[in-house]
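Trainee: Annotations per TrEMBL:
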type: BINDING; residues: 10-15, K52, 68-69, 144-147, K167, 172-173; note: ITP binding site
type: BINDING; residues: E40, D68; note: Mg(2+) binding site
Amino acid sequence: MATRRLTFVTGNANKLMETKYILSQGIPIEIDSQDLDIPELQGTTQEVAIAKSRRAAELLGRACITEDTALCYEAFGGLPGPYIKHFMKNIGHEGLNNLLVGFPTKDAYALCTFAYSAGPGAEPILFEGRTDGTIVPARGPPTFGWDAVFQPKGFDKTYAEMTKEDKNVISHRYRALDKLKAYLSTLPT
Ligand SMILES: O=c1[nH]c(=O)c2ncn([C@@H]3O[C@H](COP(=O)(O)OP(=O)(O)OP(=O)(O)O)[C@@H](O)[C@H]3O)c2[nH]1
Ligand SMILES: [Mg+2]
């Protein structure tokens, strides 16, 4: 099978590393990356993902993938959702826990939305992956975003405490990429 080449438009080195790792387990693919400055609109995760993908393909002038990650609190009807980046940056791990003081549930889910665009003007196709969990006081290395405060359901470790092999077979990103992989294998290389 010929090796597929695809550009991932992202400025996030950790996302890129995990994506390369997960995709390389399944199909012959080479991912390169472009860090383009793309404004992220307000809206649902799907609306944010579609707008980002459209713009990325226009700027790049060819097929690409983009990814949006949301962290959704059950107590807040799914917020912070796609705005988690700004919450994380401004209030950190402790703040992400403190937000939930007084609320009956600390349940949350991580939602990953990959968007594939075949090129400028093409309608983006979305691939979503969700992992359910709970928000806990930070444990594990603070290497990647909110990994240290997210404990997936059925595990006694946070994402940050897991090995990359363990996180990358249950994560929101893995679940979305599994669907993207199946779609890519239906396309000609
Ligand atoms: O602990 C984490 N485990 C993960 O698995 C994960 N995936 C994303 N994130 C963080 O959540 C926000 C998403 O915002 P986001 O989707 O706009 O990403 P970004 O702006 O960093 O990159 P990009 O938009 O250029 O691709 C950013 O703060 C990311 O660092 C994660 N944190
Ligand atoms: Mg972003």
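Cβ from N, Cα, C; glycine included.
A quick note: this is a predicted structure, and the numbers were derived from the prediction, not measured.
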Trainee: Quick one: Cα separation, E40 (Mg(2+) binding site) versus K52 (ITP binding site), in Å?
Mentor: 6
Trainee: Are any of the binding-site residues N12, K52, T69 near ligand 1, with a Cβ under 6 Å from it, and if so which?
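Mentor: Checked binding-site residues vs ligand 1; flagged N12, T69.
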Trainee: If you measure G145 (ITP binding site) to D68 (Mg(2+) binding site) at Cα, how many Å is it?
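Mentor: That separation, Cα to Cα, works out to 13 Å.
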Trainee: How big is the Cα-to-Cα gap, in Å, between H172 (ITP binding site) and D68 (Mg(2+) binding site)?
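Mentor: About 11 Å separates the two Cα atoms.
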Trainee: Comparing the binding-site residues E40, D68, D147, which residue's C-beta has the most other C-beta atoms within 10 angstroms in this structure?
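Mentor: Of the binding-site residues E40, D68, D147, the most buried by Cβ count within 10 Å is D68.
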Trainee: For the binding-site residues N14, T69, which one has the sparsest Cβ surroundings, going by other Cβ atoms within 10 Å?
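Mentor: Comparing Cβ neighbour counts within 10 Å for the binding-site residues N14, T69 gives N14.
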Trainee: What does DSSP say about H172 (ITP binding site): helix, strand or coil?
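Mentor: In the DSSP reduction, H172 (ITP binding site) maps to helix.
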